[in-house]
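Taken from Swiss-Prot as is:
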{"type": "BINDING", "residues": "His566, His570, Cys668, His672", "note": "Zn(2+) binding site"}
Amino acid sequence: MKTMTSAEVRQMFLDFFKSKGHTVEPSQSLVPVNDPTLLWINSGVATLKKYFDGSVVPENPRLTNAQKAIRTNDIENVGKTARHHTMFEMLGNFSIGDYFRNEAIAFAWELLTSSEWFEFPAEKLYITYYPADKDTYNRWVEVGVDPTHLVPIEDNFWEIGAGPSGPDTEIFFDRGEIYDPEHVGLKLLAEDIENDRYIEIWNIVLSQFNANPAIPRSEYPELPQKNIDTGMGLERMVCIIQGGKTNFDTDLFLPIIREIEKLSGKTYSPDSENMSFKVIADHIRSLSFAIGDGALPGNEGRGYVLRRLLRRAVMHGKKLGIQGKFLASLVPTVGKIMQSYYPEVLEKEDFIMQIIDREEETFNRTIDAGQKLIDELLVNLKAEGKDRIEGADIFRLYDTYGFPVELTEELAEDEGFKIEHEGFKVAMKAQQDRARAAVVKGGSMGAQNETLSSIEVDSKFLYEDKKAQAKLLVAIKDDELVDEVTGKAQLVFDVTPFYAEMGGQVADHGVIKNADGQVVATVLDVQHAPHGQNLHSVETISPLKVGETYTLEIDEERRSAVVKNHTATHLLHAALHNIVGNHALQAGSLNEVEFLRFDFTHFAQVSKEELAEIERQVNEVIWQSLKVETIETYIATAKEMGAMALFGEKYGKNVRVVKIGDYSIELCGGTHTQTTSEIGLFKIIKEEGIGSGVRRIIAVTGQKAYEAFKDAENTLSEVAGLVKAPQASQIVAKVSNLQDELKAAQKENDALAGKLAASQSDEIFKNVQRAGSVSFIASQVTVPDAKGLRNLADIWKQKELSDILVLVATIGEKVSLLVASKSLDVKAGNLVKELAPFVDGRGGGKPDMAMAGGSNAAGIPELLTAVAEKLG
């Protein structure tokens, strides 16, 4: 077995399959593109689903990749086990209807055992297979595997409901008896017992059958196109090759761990658990790559996952004794480890560090709040005579504030408290179940559409034409190829002026005419077929026949509106880079007839000043009437030109570059104006957040922009009339004067309210009652607003008349309730929650002051009567 670095292992895998005629697919963003079923790219095949379901046919049916992936179902296990990670790399080879079982098994055995490649000892490799899959067993024997190393496993069958399925065969490496102290041997593998001796390194899925839950598995029909999907975990391979005790004891993690040693002053040893070292090393990899790919910490979805990872890493840093912020300082080390194949971390190092640093600073403030919560919880439990912390409270501290259970235990034990673990486990399982339920299971191989996949004719899009003579090559009705169609159908022509929806630009609409100039069909939509042809969805008026020539005409007015928005989108993207920063990467776009929508990564709301500057800059470029050039060239040449490639998009060798003067240059396959002046005008309508770290701008161009400006002008005129400003330029001064007058009136009103409260207070505060050892005042009062209640409470505080004050008032149709407390035994927030239901209300607050709102004034007498009972 050869000694290799992780970079060499990755490259050898790719080089091997390249030598076998495979195309190397570049690693895609961790943030899925156009796949709502996934929170993250979670496997090597996840980015290739379009090939397996037949929606796109690859240029080469043999593919290989090294794909970064994230899985966070069991974050708690990271650091506890030898091989659990949140971010990992999958190496894979894939066949889309090309080779199958025989070649896949032969490739695997050659790569692993040949002296030219990894050179693993054959006697160290064990293979599992599906018992009924005799073909796989026989093939392994044919390539040279010792039959005693072949282990049948009933679970070796890949299946997710109805659809493509098939047996799989897994390859394990035997690390020897040193990792099998009980000398259990092959039983560990045969009975699927968790162990550190037999390590799975490769899984080969043979997608062979069309699963149907209604029939026995043995009767599943075979798929028309059989596929191969394999996955090899890079971290596991490197661990075996480098002889690490765990995956963390390799060149993928050790440089990070060495930096953590410097920060903490503590020493990592593979012979001890060192959980905190492993957690930090794992989580900083995930954070660096995910943030580099455009995901940002937040309170939901991907953002919540990143926030949780960061907080967990910070807390483990504190367990190691690291003071202050430290996580961002590890990013350069992550970048250097991975730079040979993933240069993006170093390229975006400053931005990644900025985000992590800012988030860590925020969390450090949160930690202080969490510490106070723990202290407060322990004080309350002591006061109640309890000696244990309930599981629900532990989970709240863990889930909301990121406190590891171990840290809560330590703090509790220092104060003599026990921990109720069962409640924590129940709450944790409920959260995991919710997380799993939120992800729609998407199999690696979706349903195959044979009709569309079988179409292999050429179909060319004519960029410059609005009308074209075209021969009808293919007609599809109800998923069947036909020679003549009526009603709704799908058509493919040899050429077309109709743009198929792609890259955020909507499809063209229009009509199809016969030789006599009569309209025979309306084009409702255009999409790309699996082999890339332009597939026209039409509603026919008269029958259309395959082989005949028709005139295709697009709706030019619609196209004109769409291209204005598309070209403006390029200008907006460039302006965002200039004004907000280069981290503002496109996260989605839509170029419609009425408007354009642009989503981009950014960690804060775009300020009004920034939006104004973006709008000004885009319009300035429009008025310069810059030429919009399209250049067809090689991808390498385009990148040398500085063309911006959109992350997550897949580009072939030949690409189309759209260049707008010296202002913008992007890879783009869409249609555009000839000059920027054709856009006319650009106006931003809205800027908003649509998810964690993703902002959205909606804008309009041309006539729609003019209408938007006109609407704003009309609104301004209406406001001028309301404030009696003769000219629009005087509105600001008029409104400012009105605000000053309003403040003066409010001040006078507050003074009167204070006097009213003082006049009422003597009468209200006369009736001091007792409930046990607690004195209280409970009264219904007349006040204009909630502030009046607070004024009375302020007077009560100064006079020190009782321990508790309860005031209730009807304000309009609503009920307002105030509770104030000077007693350490009675918390206002708790008492207001008990009283509010009497008036159909709810509320809360601090231990000394709390308020609630309700809707049932009829419940006020009962509420006041209940105060003594609640305090007694």
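Cβ coordinates are placed from backbone N, Cα and C, and glycine is handled just like the others.
Long-range neighbours of His566 (Zn(2+) binding site) (same chain, six or more residues apart, CB within less than 8 Å of its CB): Gly504, Gln505, Asn591, Leu596, Gly670, Thr671, His672. Cβ neighbours of Cys668 (Zn(2+) binding site) (same chain, under 8 Å, six or more residues apart in sequence): Gly503, His570, Arg656, Val657, Val658. Residue density at His672 (Zn(2+) binding site): 24 other Cβ atoms are found within 10 A of its Cβ, drawing on all protein chains shown. According to DSSP, His566 (Zn(2+) binding site) is assigned to a helical segment.
Excluding the listed site residues His566, His570, Cys668, His672, the same chain places Gln505, Val563, Thr567, Thr569, Asn591, Val628, Val658, Glu666, Gly670, Thr671 with Cβ atoms within 8 Å of the centre of the Zn(2+) site Cβ atoms.
His672 (Zn(2+) binding site) falls within neither a helix nor a strand when secondary structure is assigned with DSSP, and so counts as coil.
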